[in-house]
Structure formats: C-alpha cells, structure tokens
Protein chains: 2
Amino acid sequence: MTSSPYLQNQALKDRIITADQAAAHIKSGMLVASSGFTKAGDSKAVLLALANNTQNQAYQIDLVTGASLGHDTDGQLAQAGILRLRFPFQVDRTMRKEINKGSLYFIDQHLGETAELLKNGHFPAIDVAILEASKILPDGSFVPTTSVGNAAEFAALAKKVIIEINTSVTADLQGIHDIYPTGIYPGRSPIPITEASSRIGTTAIPLDTDKVIGIVWTDIPDSPADIAEPDPETSAIAGHILDFLHQEVEQGRLTKSLLPLQAGIGKVANSVLHGFADSEFEDLTMYSEVLQDSTFDLFDSGKLLFASAASITLSEAYQKRIFENFGPYKDKILIRPQDVTNAGEVIRRLGVIAINTAIECDIYGNVNSTHISGTHMMNGIGGSGDFARNSALSIFVTTSTSKEHRISKIVPMVTHVDHTEHDVDVIVTEQGLADLRGLAPRQRALRIIENCVHPQYKDELRSYYERACTLRGGQTPHILEEAFDWHRRLSSSGSMKKTVEQGCPTV
Amino acid sequence: MTSSPYLQNQALKDRIITADQAAAHIKSGMLVASSGFTKAGDSKAVLLALANNTQNQAYQIDLVTGASLGHDTDGQLAQAGILRLRFPFQVDRTMRKEINKGSLYFIDQHLGETAELLKNGHFPAIDVAILEASKILPDGSFVPTTSVGNAAEFAALAKKVIIEINTSVTADLQGIHDIYPTGIYPGRSPIPITEASSRIGTTAIPLDTDKVIGIVWTDIPDSPADIAEPDPETSAIAGHILDFLHQEVEQGRLTKSLLPLQAGIGKVANSVLHGFADSEFEDLTMYSEVLQDSTFDLFDSGKLLFASAASITLSEAYQKRIFENFGPYKDKILIRPQDVTNAGEVIRRLGVIAINTAIECDIYGNVNSTHISGTHMMNGIGGSGDFARNSALSIFVTTSTSKEHRISKIVPMVTHVDHTEHDVDVIVTEQGLADLRGLAPRQRALRIIENCVHPQYKDELRSYYERACTLRGGQTPHILEEAFDWHRRLSSSGSMKKTVEQGCPTV
C-alpha cells in the first residue's frame, strides 16, 4: 500500500507494522490509551489483535479511552480477560457483565475530567497510546478521523504511540477538528470559547514522532450507530420539551434561537432534535458531545447554524450519505477534545440547554444515570454530569415506566445518585414535565408526582411522600425503612407494583 | 450624624431613613435579597426591624442572601414566621427547626450558582436588596464591608435598593474588594483569573442611585465567628492531611507551594491551616470562600502569600487585632463575588486543593454534607460542591464517630448524596486517610473501611461489603434491605451499634 497521501512524514514511513506486531509492544501491566468516543474514531485493529492474540493467562492491562469503543472491541477485550481496569465509559454487554461480576474494575468518570485526572497524577503514566488518524502530515502531526475525544491528550501524555491510519475516512474531514490543549496548572489560561462556533485550536494533533513505535494501516469504517425510531412515548417526551421551550420564549427567558443544545445519545434525544425541524425555533446551535443523525437533519432543514462536539456517530445510512457529500457541512462543524466539549467552564459561560437520560429519578429530583437497582453498572455517567451541573437548563428525560409498567422510573428514593437535586432543573416523562426551578424539596416532590409519574404508581408515591412528611418530616422527608421497598419488590417478584398479598408496609 | 466621609454621593444625602422606615418598604410577597456571607457584611438593622415590626399574620417574604447571616437574624426571621422561602444557605438553629417542620421552604444551593440562577429566571425578579456598605462614593457606587458574596449581583438585579452604611468598619478595607460581573449569555467572556492574586474588577460595587429607596446608618460589628480549638481528633485529621501532602510533594505531583487552598469553616479546617504554619510548605496561596483566624496566622508566619475569598469571618479577638491594624494584610487579600470565588471555571483552572467537611460518607466515597439521617437539614451544601467537583484534589474530612461512638460517620450507604463518588478523591478521619484516586468502587470500599472506619464499626462494615459482593455483586455492591440498618438502629435505640438482642439481619 502506498503511504502517500495518508503518511506524509518521512521519518515515519519505515515504521509501518502489522496490527499483530503493534499489539506485541503492549506488555502486561501497562496503562494503554485508545482514541475513540461513542464508537467513532476508535482503534479498529490493534486492540482487537491484542484481544485475539494474548495466550498468557496472567496478562492484564489497564485501558483508558475517550468513551465507548465500536466493533465489539470492549466485548472481545473483556471476553479475553486481559483487562484489569477500564475507564471512563463503556456500553458493551459482555464488558458490563464482567464489571458487575467484579472480574474487571471499571471507573465511571465525568468524561470532561479524564484528561484532567491523567495529567494530575490520579493514574500512572500512559505507557502506550493507540490513536486513529486519517492522515499524518509532514511535521508528524496527525489529522484525527470522526472523533477527537482524548486523543490529543493521549498523544501528549503517552510514552509511546501507535497510529492506526484509516484510509476509509473521507479526506473532507480535514479542517473540522479544533485541537486545543487545556494545559496544566499553575499558570493556565481560560478556554477562550465564547460561542459554539469559536475556533480556538489547530486542525491536527501535534505528535513527537520519536514516540511512534508503529504505523498500522486499516480501512474499517466506524461501527454504525443503532437506529432509534421515535415511538409514542419518546414523541410525547419530545413534545413536552418543545412546549416548555416555547413557553420559555413566550415569557422572555429565551429567544427563538434558544441556547446551544446538548443532547445525549438515544431515542428521546433524537426525537427532540427531530422535533426542532418542524418548530418555530431558528438559528439553533449545538454545544454537545456527539453529533448524531438528527444533527444533520437539522442542518438540512436550515434550523441549525453550527454544531460543536467530540465525535460524529451516525447510522449506516447516514454514514454513507453524509460522509460521501460532506462539503455542505464542513464549515458548520467543529470536532474537539472532550475536555473542551465537556468543560464546565464553557458550558456555564455559553448557557447550554442540556437534555440527558435518567435510569431512575426520585421524588426530590435526584437522578440515577448508571446503576440498575443501585448495584449493577449499565454504561456510565458519561458527560451527563459535566452538562447537568453547568448548563443553564438541565433537563432529564425518562419514560415513566418500563417492562410493561412493572418498573416505575420515578421512585421514592433513587438507589444510586449521579446527579443531585442541585443539578436537575426539569424532569420529563411521557406523562408530563416537572419544572423544578425555584422549588424547595417538598414542592419538587408534589410537582414530580403530579406531572411525571405513571397513573399506576401515583397514589402509592403520593402516599409515601405524605406519610414521610407526617412520620419523619424534615427538609427532604423520607421513610428509610420503606425507601427501597419498590426495588425490593422488583427483585423478589419481578415488579415494583404492590400486590394484594404484600399489603401495606408497617412503619 | 454627619454623612461624610461615609456618604459622598449628593443625591443620596436626603434619602437617610431609619431601619423601621426601610423595613416598611418591604411588602408581603416580595423577594428580598440581603448581603452577607458567613455572618460577614450582612444586613444588621433592616432585616431585624422587619422581624420585630411585622404584626400582620399573613405577611410573608422570600429571602435570598450570599450565605449565612449573623446576629441571630435568620433565627428572628424564622421565629417571626415571616419567611415563606429562604435560600441558598443558613446555619441557624431556630431556622433549621422551622425548615425541618416544613413551615419554611429552604432551597439548598451551590453558593456559586445562586446569582446565575437569579439572572437565568429560575426565580422571580428581586424586589428589594438590602446591602451593607462601608462607604458610598461620589458616583453612587459603594464599598462593601467584610464580604462581597452576592451583593454586587443583587445591586444590579434588584428593582429597589436599601443601603446600610456601617460606620464601624475600618476604612482600610477600601481597596481589597474585586468586583467583577460574570455577565449573562450569550456572548459572555471567560473570568480572567489565572492565579489566586489576579485582580480583575473594581474596588466598589456600581449602583444606579435611582433605585435607592433609603440609606440606613448602623455601627454594629459582624457577629464574631465561633472559636473552634483543635482537639486530638481534629489534630490527627490535620496530621494525616499534612502527611499526605508531604508525600505528594515527594512524589513530584505537587511543589512545596502546593496549589491554592480552600478550606471550609470549622475545627478541622482551622487545624489543618494551623498545621501549615509549622510545616515544610511555603509560598502558599488560598482560593477559598472564607478567610478565618487561621488565614491571618498563616500570613503572620510568612507561609501564606495571598488569599482570595468572598468574606472575612473572624473571632472577636481576631476582629479586634486584625481590623485595628489591617495595613500589613491589605495587599495580600482580595474579597470577591461568590460566583467568582466559587466559579468552577476558576477552581478547575487554578487546580485548587479543597478541604470540606462531611456529615457522613459511605464505603464507596459518596458524601452527605447536609441531611441528618437523610431527612433533616443541617446547614446546606454551601460551596463544598463548587469546590469538590472542580478542584485538583477534593478532600473530605470527618471524625470516624460522634456522640461517644454511637454514630459511625462512615456508613454502608449515605442517606443523602451531595457529592458523588466522582467528586471525592480523599476521605480522612482521625483513624487515617483513604486516597481513592484511580480506584474502582470495590477498591474504594476496601480502602475506606481499612483506613478510615472506627474499630468499633470496622468488622460489621467489612461484613456488609463482603456479603454485598457475594449476594448481589455489581459495580457498587449493596444490600438494599440492609443499607440503612445502621440509621434505623440509631433512630430506634440511639446508637448505630448492633446489640446482642438485634442479632444478625436476615438477608
């Protein structure tokens, strides 16, 4: 395979190796870093070679990425049993199982903090970084592919670097990256972003070529995003949010261009963003983590002016359509490091409207985003905390029930807290929207129960709250003896619903 | 009383009124704002007049401040029953009782966010602001006293303003304030602080004199801070922290000047700061909320170069000593708005070492800073969340037990979460220090149990953790049926300790 135009640095032309050869550089005990953010721009050859080739039973590495990897890589690494520690995020079914068995340590981190923690000595030094590039430039710097994530920090921090040059990526992506090092204290400067479209950095990631131990060629596209079609419940949630934003405009608290939008991955976020296409809102911007299919539909509808994120993660059909004709979008997108996209500093300054998904919420507005029944990890907190804490409006969405109403997503007390009452302004289910701004906990409880809870659970939740007020009182009334009764019932009977046999709990 | 040199603005000279006259301007239903941060620079006349004069049973106002008020003002307002809502912080025994009875709504807020929430429409407009000043300048701007807190934002946002000119404050304070408006989005700029000593604003608070409805004279000093002498437990905690910081320097992660320090109010913080006076550390700085007695001892020892905070809160002896001879400290202190001192942006940029107090911690490192037994408000989260989330090192301190060992401060699961595992790097009790950096939850549990728990509770906590791993497993093993057993025992028997009669819980 010819090295040009993908490999323009002379010194690196004789370092081309196979994925297996690259994997052989990774020794047991190492902290390994890989590019990749929400399945985009990840290592597609070396990590899989590592998973497939390692025979040594005692071989174990620690792995840090931007966020989730594609191509079943996390699953194969977990299956191979070669990970001791994984951070800061994952979405893999096999890996999740190993994490919850306790056979693989997982550190669930705010995605905006991982680079900060690495630079700050919370972890040992990175031994090897595996970074996907679309091109290496004459000076050794490289153009990333569909994500930046933590790649720039990994390139700077790692002792050794392996580059995967992915020839399947459209050359049109060159120029959309905005690489800005947040630096180390003391003496560092503000991140100078003042609007979603502020360009502050370079279009390639600087790299000390002396650290490069191998160049690996690949031509494998990113794993496609799952397609999540709207359903009546997600459409209802999207409708409530759009109505709410409409009222905010009417009351003069927002303009029709709103504030920069952030939306997590998934059906609801996609539904909301699609809803904007037919709305009164205009000249919208996004300051988010991930650009999904709906982002490009919003560009096409003329509603969206600009979008900033750490990655582009598209379905198969959109990958084909968008990347084959990227020109019209090129000046409207910046892909940046995740310690910039998720920087509290910038999110607070811009005043973002953040829409994230809850696993469960409680009557006071505390949110669990990560742990099923308080113990079992789902994916991780991701960037939801970075946005919820610092946004102008922090909105959490969930259906009011799941598993054919056997689970209420609004519970007396969440079994794990990722976002405290302080960081949750609005909760939305298909039942309705609870605007919690300016309310004390007892007021929040009444509004959440009234507006968001499924009718099958409303009476019991109201009863819990009222009895908690009478029996215990306090700023945040609870009956600790009963707070997790719904979860206990779910565990023993498969449903949170009270059966006749179970009767009333004694207090 | 002569108006000069305290009142230099011509237009305001004929607006001098009594506290009672000023209070009469405050009508039922209003949102009232008062200066004051940790008992410093608060309204000392008008709010008390309001508490004492109101006869109308239906009269109720909402009150927002910087933080806690001194002089029993919060207690008298609560006693008078004229508050409907209070935010964002309080420390008063009477007020706490009313809050926990549910007869007074309290919103517990990150202190760095209150101004942001007011500007952002989370609350109605402020009707009247009562602001303490040491001087009104010819252009109508005013020099604050011992705190800034939210006074500058209140002056800008309120429809009407009452100024309390406090003639007891030393004129030497003029020049130490650094008033910087953080502005509103879209289009706002970074807060340009790059070190604790960066001066970015003006020395007086701008004021539209047309809004001033009255000038009230007072000469009442701030309530003195309670003196908290070190005891063996707090000294042990301070010792563990100093040892830990020493190790961080030895390992090259910190220099001898450390990073800017933040310390909450109280015995432990005072002990730690006093410990620095005899330490190897030098050229220290503080980027904190409150400057306490210990700050001035550190200045006197030559260890501290500079301190930035929202207020100066001193004991009676220190008030006398420091304010009567303020000259030597004047160039070493900046007193700023609390949305600047507590700005996540600045805290993250500088890399602060934050030391805050926990009411209880759990084995995974989640911290409850506010709610006794999960229901009853103590004081509020204050600025602890602003600092814990954004600091370079987030340290939480607590004694391992209280009430003669009847309460363990390390529990299986906290009953209320203010700071999640993501925001807690180090936990310290008199038993020892748990450095949680780079650890997954199961590792965190073992380290916290081993290093921080009192011997009387260690076996049972270890048993809980081990059984949770076996029975439930997961990323964060818990047994929901038992998670609050210690709190239930406390509630029923007055002690968290297991008695023989209670036997083993069934699972």
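Quick reminder: no glycine exception, Cβ is built from N, Cα and C everywhere.
Quantities reported herein were computed from a predicted structural model and do not represent experimental measurements.
Per TrEMBL, these features apply:
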- B:Glu289: active site, 5-glutamyl coenzyme A thioester intermediate (ACT_SITE)
- B:Gly264, B:Ile265, B:Gly266, B:Lys267, B:Val268, B:Ile359, B:Asn379, B:Gly383, B:Lys403: CoA binding site (BINDING)
- B:15-216: domain 'Acetyl-CoA hydrolase/transferase N-terminal' (DOMAIN)
- B:323-464: domain 'Acetyl-CoA hydrolase/transferase C-terminal' (DOMAIN)
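Feature map: TrEMBL annotations on the structure.
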{"residue": "B:Gly264", "record": "CoA binding site", "Cβ contacts under 8 Å, 6 or more apart": "B:Glu289, B:Ile355, B:Asn356, B:Thr357, B:Gly382, B:Gly383, B:Ser384"}
{"residue": "B:Gly266", "record": "CoA binding site", "Cβ contacts under 8 Å, 6 or more apart": "B:Ala228, B:Thr357"}
{"residue": "B:Val268", "record": "CoA binding site", "Cβ contacts under 8 Å, 6 or more apart": "B:Thr234, B:Ile237, B:Ala238, B:Ile355, B:Thr357, B:Val397"}
{"residue": "B:Asn379", "record": "CoA binding site", "Cβ contacts under 8 Å, 6 or more apart": "B:Ser68, B:Phe89, B:Gln90, B:Val91, B:Arg96, B:Thr370"}
{"residue": "B:Lys403", "record": "CoA binding site", "Cβ contacts under 8 Å, 6 or more apart": "B:Ser495"}
Interface-proximal binding-site residues, chain A, C-beta separation under 8 A, candidates B:Gly264, B:Gly266, B:Val268, B:Asn379, B:Lys403: none
B:Glu289 (active site, 5-glutamyl coenzyme A thioester intermediate), number of other Cβ atoms within 10 Å: 30
Three-class DSSP secondary structure - B:Gly266 (CoA binding site): coil
Summary of DSSP states over the domain 'Acetyl-CoA hydrolase/transferase C-terminal' (B:323-464), given as helix, strand and coil counts: 51 helix, 38 strand, 53 coil
